[in-house]
Amino acid sequence: MKVSDRRKFEKANFDEFESALNNKNDLVHCPSITLFESIPTEVRSFYEDEKSGLIKVVKFRTGAMDRKRSFEKIVVSVMVGKNVQKFLTFVEDEPDFQGGPIPSKYLIPKKINLMVYTLFQVHTLKFNRKDYDTLSLFYLNRGYYNELSFRVLERCHEIASARPNDSSTMRTFTDFVSGAPIVRSLQKSTIRRYGYNLAPHMFLLLHVDELSIFSAYQASLPGEKKVDTERLKRDLCPRKPIEIKYFSQICNDMMNKKDRLGDVLATAQRIRRRYNKNGSSEPRLKTLDGLTSERWIQWLGLESDYHCSFSSTRNAEDVVAGEAASSDHDQKISRVTRKRPREPKSTNDILVAGQKLFGSSFEFRDLHQLRLCHEIYMADTPSVAVQAPPGYGKTELFHLPLIALASKGDVKYVSFLFVPYTVLLANCMIRLGRCGCLNVAPVRNFIEEGCDGVTDLYVGIYDDLASTNFTDRIAAWENIVECTFRTNNVKLGYLIVDEFHNFETEVYRQSQFGGITNLDFDAFEKAIFLSGTAPEAVADAALQRIGLTGLAKKSMDINELKRSEDLSRGLSSYPTRMFNLIKEKSEVPLGHVHKIWKKVESQPEEALKLLLALFEIEPESKAIVVASTTNEVEELACSWRKYFRVVWIHGKLGAAEKVSRTKEFVTDGSMRVLIGTKLVTEGIDIKQLMMVIMLDNRLNIIELIQGVGRLRDGGLCYLLSRKNSWAARNRKGELPPIKEGCITEQVREFYGLESKKGKKGQHVGCCGSRTDLSADTVELIERMDRLAEKQATASMSIVALPSSFQESNSSDRCRKYCSSDEDSNTCIHGSANASTNATTNSSTNATTTASTNVRTSATTTASINVRTSATTTESTNSSTNATTTASTNVRTSATTTASINVRTSATTTESTNSNTSATTTESTDSNTSATTTESTDSSTNATTTASINVRTSATTTESTNSNTNATTTESTNSSTNATTTEGTNSNTSATTTASTNSSTNATTTESTNASAKEDANKDGNAEDNRFHPVTDINKESYKRKGSQMVLLERKKLKAQFPNTSENMNVLQFLGFRSDEIKHLFLYGIDVYFCPEGVFTQYGLCKGCQKMFELCVCWAGQKVSYRRMAWEALAVERMLRNDEEYKEYLEDIEPYHGDPVGYLKFFSVKRGEIYSQIQRNYAWYLAITRRRETISVLDSTRGKQGSQVFRMSGRQIKELYYKVWSNLRESKTEVLQYFLNWDEKKCREEWEAKDDTVFVEALEKVGVFQRLRSMTSAGLQGPQYVKLQFSRHHRQLRSRYELSLGMHLRDQLALGVTPSKVPHWTAFLSMLIGLFYNKTFRQKLEYLLEQISEVWLLPHWVDLANVEVLAADNTRVPC
């Protein structure tokens, strides 16, 4: 509204205004005449200006992130006519910071230079600090200026479209839009495309009087031609075709980029003069903006953060009276800027910090470490890079300065440390937080909640450093600190990046590091980059990759502590000083570790031998094993946990799980071995670590150095490779794998040290050299060697996994036994191949044949295993775990010996039939006791053949052993040809041949073939007999009874929870009928319904959440136990409100990782739960199953409490359509609106063409995150609500879209304009929002007496199908 039109309005009636203001229904939003009306405000107070007759309204800008800036320049004038229902507002041109962070005072100069060059095509422009602050507004609030440009172009398009026949109007944008008329070309797509390009020019035009770079141009203009930006802002709001024409000329000049800004401004001045000639000029409205804002600020108690030019003691009348007399009524409120104090530092601070951390006897390792600490703490060098060998103590280089900074009382320093992996994050949190010298917290806390004022050091990973949220918070640091703490004394300290070589060497992660270039490095006092493997070339490339200048070209010695000459350019443009301690000391790193390169047949087998030997020598020691793949990590952990306690980690685990496992291994002294991929080798510090074993055939030199570097105080490092399989394959973009040969020489080459190949001192801790090793390490090597010799003498070879293990996949070996309806992993629990060896599983194809009779001089040992030498063979079942088959009775020189489970040197045998654990197979005689069988018919002369169980003539001997243990049968003497000799009791003279399991033509006896159960194998799973059983190190057979318990448990669960149909669900288990299940069915409930950590453990069987060897899933299982468990959890949710369900989740915490145990717990209350559901949901089943109609007239409370209950069906529909029409026009976010009636804008939601774009729009504005934080949605998984828009509610969606078609058809048949009803995603957003709107739900359940509470979203959505009879008996949807 123009000021000249004020005469149309009468003087406002104060009482009338107050009444209208209190009645919010009468408040109608009216856009201002400027383009800045989008600032969300609310009326806080008002007063009447008796002199001007205006009512002054103080408004609060609700969308501002900075509450102290919320009251600046936002006092608006309101004039109300006697019969006028709109309040006409004039909103000041304060930018809306709702869409972006608060402007920073430290913008990266590179961005500003790029912007200026793009606009003006010049490279040399001088800026002052005020220019930086002004230009930073554009980058931090670019979305605002984009929207401003869009609105300007849309306004032009609307006006021009209204006059399509006006040729002058259609030609206004001819040059601007590729020579095409505006009506055809300036559509939505082109508006947005050109709007983005126009935004920076628009910004400069609006702020031209605030930039010193254009002061020369302004000074060159005559006084009457100076640019009036206030006039220009109003000129940029065309309302008539003639104004569009002038505005298009400005756009044309700016978009063509042919003229400098001066020429563009001259065009704007020319347009303004033409505009004034047309009589469209208007004086600026003078208000009490500054004075009233100052009064409001005083009332809030914020005057200490502002200073004003007038006294704060004047009352409201003085303020109003002084307005006319004051010529400086437009005075702005400026912020008080206080210079941050800086407490002096001294070298003694570092010494005191060391004594706090390590005690009074603290001393530096060497002079280099001392000088580096002083360089970091005292010097003005803005950026420092340090390369020191692993184990040198790089952490203390920044740890001690951080403790010294924390001791400063006048200034609070907040620093940040970033590491490459989550595993290292957990270790750093433990190390840096010890002794209580620093308050340490995860950087995620800072990103989500901001600075808490207590934490000294935030620790995060590289992904956090690259995140947009982190860079935005750093950019807004000054404003955040002043607003939060009302002081300038909270200061950004150090930015520390550990193992920064990964920026260059981690090729596969470089795309994740792109966001680091947006970080404002200049905001930090100092940047520190540390690594043990970053030579100058790697370090320089890594720093440039994150947007820094790189290393200083001149190499700096550590003794050169020169102060920087010019720091005005900022940290990001200043070269980084490199301190290379490895070159300074000229010592090859890792000489204190004994490095051994071995080629072996089986890497896991050799590694197991080494680990068992180490723990026998040093029972309290720890070890790290580095595998090449995640599958191999899980396989090793599964195989070795029976020998010692194991922790395994790889990249597929979640961040929280990695942190938890790392902390457990570091702090728990009973944990012995950490198995993982290379992520466990960087930076982690573990006490009692004595051995590192590497099984990766493709390690590069950096990975090798980092792995060996974990051995801080010496130890053993083994590089195990398989024979004839070493392949030095170079992975694309990465360093090549290490080569065969001297490891020390390759380390020297990597660090650029002098080669000593062929000279004295070439081998340092490698190739058998022990001269540089500590006494403890040498003693450990000698003890390991002695133990190896002792084991070789005793023939105590450990049979572990075959070499084919390296190529096997864990999903093929372990996980295929785990049933899961999600993963279709069929559970196989059957017997071994039909014809196997007695119990030994010798290496044959489909059937196992025992070894032929070995002829010795005086004695013969019957053997079943093949793989024998020329003289001896191992006995029947050598070193089995759970099953043993006794050998047949061998008659040699008048004495018969039966060998069973012989693990000795030559011919030691035990009693004939030893009945071992649950699955031992009896042998020779069936007519003896359960454990011993003798030789039959031994009383002969010299050549008697004693046959056992003879049921044939002289040519055939039948089976000796009967069926044992229901699974194993041994056939000792099967039918042969014409001259079969009983192989059990063979009679020889001096040299006897006892044949047990041989299959020949003339003189053969059948092998003792057994049908071995799955228990015969070491893991309880018979998989083609590829695994040899593993013998315990103490010569005792590893007797495993767990597999029988698993089998028994599996059978019990199968009987208790039978599910042979894919449609099986927990409601059927509870006993509900099929028609009841149809409506109570828990659709939309999946694993995401469960809160985080409940039934969601990784690395276990997905069907039962147990370790793979303890899996209780069974073959043919259609529905997994985990699915039944989360459905059972949903049933419990049906019966509990939010508070009760939260308590229930705490009560079942012991079952969060055990869905099978939870099902057992749930089944105990089976009958009680069934009765509760029948009682609580009787009304729901009556409505949904029997389709009973709800009549609003039956609700007494509804008729009395709500006008809607008295409306007709037509009125209800019109009200419904009107609400949706308003939401569509205002582009309001639907879910947020129906959640708490908050009218937030989300244009993308209404423009989305598919569900994916729709969900992305909601996620972008943070709807799902707010929903979880504000409502009971936080009791479900983070993806639960989002997935409601994708794969769930298909049936309801089909019905809804069908009803839309029917509605459109009916409207067209009646000849009326169809009412626009919402599409499915908007409709579902409404249902979800109302479900979590607790206030609405309570009110609805109170007014509509026929319904009660429902606590599951599927049931609430299903109620949308119910129809309600309105007051006029018209059916409307519920």
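Just so you know, glycine gets a Cβ as well, placed from its N, Cα and C.
As annotated by Swiss-Prot, region 'Disordered' applies to 321-345 (among others).
Annotation comment: Swiss-Prot describes 375-552 as domain 'Helicase ATP-binding', evidence class sequence analysis.
Residues or ranges marked as ATP binding site by Swiss-Prot: ALA388, PRO389, PRO390, GLY391, TYR392, GLY393, LYS394, THR395. Listed in sequence order, the residues of the same chain lying 6 or more apart from THR395 (ATP binding site) and placing their CB within less than 8 Å of its CB are CYS428, ARG431, LEU432, ASP498, ASP685.
According to Swiss-Prot, the motif 'DEAH box' annotation covers 498-501. Taken together, the residues of the motif 'DEAH box' (498-501) have an average pLDDT of 88.
The domain 'Helicase C-terminal' annotation in Swiss-Prot covers 609-758, and the record cites sequence analysis as its basis.
According to Swiss-Prot, the feature compositional bias 'Low complexity' maps to 832-1011.
Feature annotation from Swiss-Prot assigns region 'Disordered' to 832-1035 (among others).
Among the features that Swiss-Prot reports, compositional bias 'Basic and acidic residues' is placed at 1012-1035.
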Neighbour count (Cβ, 10 Å) for GLY393 (ATP binding site): 16
Residues in the motif 'DEAH box' (498-501) grouped by DSSP into helix, strand and remaining coil: 0 helix, 1 strand, 3 coil
The one of PRO390, GLY391 whose CB sees the fewest other CB atoms within 10 Å, among these binding-site residues: GLY391
DSSP-assigned states of the domain 'Helicase C-terminal' (609-758) in counts, ordered helix, strand, coil: 53 helix, 29 strand, 68 coil
PRO389 (ATP binding site) CB neighbourhood, other CB atoms within 10 A: 22
Surrounding CB atoms that lie within 10 Å of the CB of TYR392 (ATP binding site), all protein chains: 22
Residues flanking the ATP site, with Cβ no more than 8 Å from the Cβ centroid of ALA388, PRO389, PRO390, GLY391, TYR392, GLY393, LYS394, THR395 and excluding those residues themselves: GLY532, GLY709
Structural state of TYR392 (ATP binding site), classified by DSSP into three states: coil
Under 8 Å by Cβ from ALA388 (ATP binding site), counting only residues of that chain that are 6 or more apart: LYS394, LEU397, LEU530, GLY532, LEU581, ILE582
